[in-house]
Amino acid sequence: MNDSGSPTMPTKSDRPRLAVKLLDERMRDYLPDYATTGSAGMDLRALLDAPLTLEPGDCELIRTGLAIHIADPQLAGMVLPRSGLGHKHGIVLGNLVGLIDSDYQGELMISTWNRGSTSFTLEPFERLAQYVLVPVIQAELEVVDDFDSSLRGPGGFGSSGRQ
Ligand SMILES: O=c1ccn([C@H]2C[C@H](O)[C@@H](COP(=O)(O)OP(=O)(O)OP(=O)(O)O)O2)c(=O)[nH]1
Ligand SMILES: [Mg+2]
């Protein structure tokens, strides 16, 4: 927050820097970036040599041509669907959400599932999903016999009703 109480806009130089390898030279022109200053995710593009048609129910692993090494274990990447593709065309992720470990150095892959009822043709370099960097806290599990009591206790899965 600044003095006027509004959030201070971080500048590009405040951002963590992530090492990226181009596994296909064509991706140099298509490096992911934030579309607006407030975007949470960077769009990931499909590395394809030709259009690819996904029939209803098809699920294909699509290359991005990028390897991003996050390195910091207090960060992770998440691959999320784009809302327009998911809502209008049924193009979502075969794993629903992709979780990218900070020590992963391989190619970022997008499991692309046509959960809709019509075929969809994906164009080369089309923006297919989005990559969000998130903070992570790693924990140690400590085995106990009993918990300190809580208001909820073991209640879950709708125990509080619907209204
Ligand atoms: O949508 C995704 C999900 C995962 N990955 C990569 C990065 C991640 O760090 C690695 C392993 O993912 P995860 O742990 O979710 O898969 P797993 O089935 O448990 O594989 P592993 O045994 O390699 O951990 O695969 C992707 O490229 N795209
Ligand atoms: Mg795993």
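Glycine residues also receive a Cβ, built from the backbone N, Cα and C atoms like all the rest.
Where the annotation comes from TrEMBL, it is an automatic prediction and has not been curated.
Around L99 (substrate binding site), the same-chain residues at least 6 positions away in sequence with a Cβ under 8 Å from its Cβ are A76, G77, M78, V79. According to TrEMBL, the feature substrate binding site maps to R82, S83, G84, N95, L99, I100, D101.
Taken together, the residues in the domain 'dUTPase-like' (31-161) have a mean pLDDT of 98 on the 0 to 100 scale. According to TrEMBL, the feature domain 'dUTPase-like' maps to 31-161.
For the binding site of substrate, formed by R82, S83, G84, N95, L99, I100, D101 according to the record, the largest Cα to Cα distance is 26 Å, rounded to a whole number. Residues from the binding-site residues list (R82, S83, G84, L99, I100, D101) with a C-beta closer than 6 Å to any atom of ligand 1: L99, I100, D101. The Cβ of R82 (substrate binding site) lies under 8 Å from the Cβ of D43, I91, R127, L128, A129, Q130, each of these being in the same chain and 6 or more residues away along the sequence.
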